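Record features (TrEMBL):
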- His213: active site, proton donor (ACT_SITE)
- His213, Asn214, Asp215, Phe216, His217, Asp254, Asp366, Gln417: AMP binding site (BINDING)
- His217, His253, Asp254, Asp366: Zn(2+) 1 binding site (BINDING)
- Asp254: Zn(2+) 2 binding site (BINDING)
- 139-479: domain 'PDEase' (DOMAIN)
Amino acid sequence: MNKSNHFDLSSTSNIKPENSSMTTVNILGRLRIATEQVRKVQSNLVKDGSSDQVETLDKVGKELDGILYNLVEILSDDTRQSEINVTSNDGQISKWLEQTFSSKQQRSSTAAQRFDSIRAIIQASSFVNALQRQMRQNAKERVSAILDLPVDIHKLNSWSFNMMEYDEPLNFSILLIFDAHDIITRFHIDIETLKNFNRALTDGYQKFRTPYHNDFHGADVLQTTHCLLIKSNLMSVFTQLEIAALLFAAAIHDYEHPGLNNGYLVKTKNDLALTYNDFSVLENHHASSVFKLLRDKRYNIWSHMNTNEFRSFRSLVISLVLATDMANHASLIERLSTYFFFKETNSTATSADSKTLLQTLLHAADISNAAKPWDIYIHSAEKVIEEFFIQGDLEKLNYQDDKPTFDRESTDIVQLQIGFITHIVHPTFDVLLKVVQIDSLENVKKDTSATANLTNPIIPWQNDLQLNLETWKQISKHADMEQMILSRKPFKLNFDYLQEYVEKAKTFLKKRSQHDLLLNRPPSS
């Protein structure tokens, strides 16, 4: 065999991904490389007339193809257990990340269908379709004036919109976003009924007066989901029913959240845990409680759906809300990651394809605060940390022999945020970006006209995510923890002090960018 036919897989066999939720990508990538190299050698040998080697390589190539196909079938099973392994200086934080964002419960397996590519359906999204939707959105300006709302849809289209600056966020965000997506018109929703529902939903979110999981969080996730749809032009991928289910699920996904996690409810044998047999306890409660609310005609905004339509809608909403259980994180990211390793495309997306992408969009919106501008992110981080500490205080009272998951006096909040961004948020947005941008990147090459940006996605989170992570790294290296925290009970951060490290992070990233540009500069002719 000549040198041109030699292939070496050693460069891929030693890959050790930093985050095991991305292990799928590495395994599939290595198999794909191996398969392609075998086929290349086979092709060269055909030219040389070496029939024996060709037959052997053909068998090996078919075996690799079979391994790849079977592996994807396994990973496409959304009932499969998935785990992540986290390396952190703080063992308690590592344990929390691994237990919270991976499935630990035994679940029955079912026959998995192949995760068919949605690439073709994204590719089929036409300029005319996108332009028509854009025109309809622009026509919605008058809605905020008619209903006397504090914002208009253009503000909600912004990734940097700060929901915490406004009162009654669920009311205006549901009205405007549902109207922008023609949900009110398409499903004949009565405006007064919708207002009644919004008030009842707000009451449920405010039931336990939690610092973070309240109506502001529900409205923020709805608005972020809306942004992900319009920034990526995924509206052309989904049906109107799927879009309605996604946005409704986003709005209701944490209804009546008590500010305690599933693990605590199960450990304390809470009534909810007993009701739902320890399985996705909160998520089951959120969905079930809202559909019970809809039985009251004063709040039933979907009363004009026919029986079959409502059955499909309800089923999808439930699956989306259940997917927000953080224990599903690793499995969800793995399933979406398998998409990249198929060259075959289909003219239509299967229901399994659509559902997985819808679930990922909602999951990404649910953990998106760390990918927002620093001012939005740090205020949200303060609230969610206080909620963690409240649970820690309860754990101390109820379980004196066990160390609480989050101890108000000793938890390293800097490493907590670094670990959360590095191992959870970044991988989620990374894989989502690849899925929604694949065909759009191809469009950039083909279409250089002034209208190209109407069909190509704007990626709003990359700079914010990078800056937020680097800020915590700068804080970890240089900050005085005593100055950073104003109060531990309730937990309060010194935002002015932290702003110094935001500026340090900006300076560091700017210098690194300039350095990279110099390294990548093409040689002068």
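Cβ coordinates are placed from backbone N, Cα and C, and glycine is handled just like the others.
TrEMBL does not curate its annotations; it predicts them automatically.
Computed from a predicted structure; not experimentally measured.
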Between the residue listed as 'active site, proton donor' and Gln417 (AMP binding site): CA-CA distance (Å): 18
Other CB atoms within 10 A, centred on Asp215 (AMP binding site): 24
Cβ neighbours within the same chain of Phe216 (AMP binding site) - under 8 Å, at least six residues apart: Met163, Met164, Pro169
Average model confidence [pLDDT] within the domain 'PDEase' (139-479): 88
8 Å Cβ shell about His217, His253, Asp254, Asp366 centroid, Zn(2+) 1 site members excluded: His213, Gly218, Val221, Ala250, His257, Thr324
For the binding-site residues Asp254, Asp366, the one whose C-beta sees the most other C-beta atoms within 10 angstroms: Asp254
Between His213 (active site, proton donor) and Asp254 (AMP binding site): CA-CA distance (Å): 7
Between His253 (Zn(2+) 1 binding site) and Asn214 (AMP binding site): CA-CA distance (Å): 11
Integer Å distance between the CA atoms belonging to His253 (Zn(2+) 1 binding site) and the residue listed as 'active site, proton donor': 10
Spatial neighbours, same chain, of His217 (AMP binding site) - Cβ under 8 Å, 6+ residues apart: Tyr205, Asp254
Densest Cβ neighbourhood among His213, His253 (recorded positions), 10 Å radius: His253
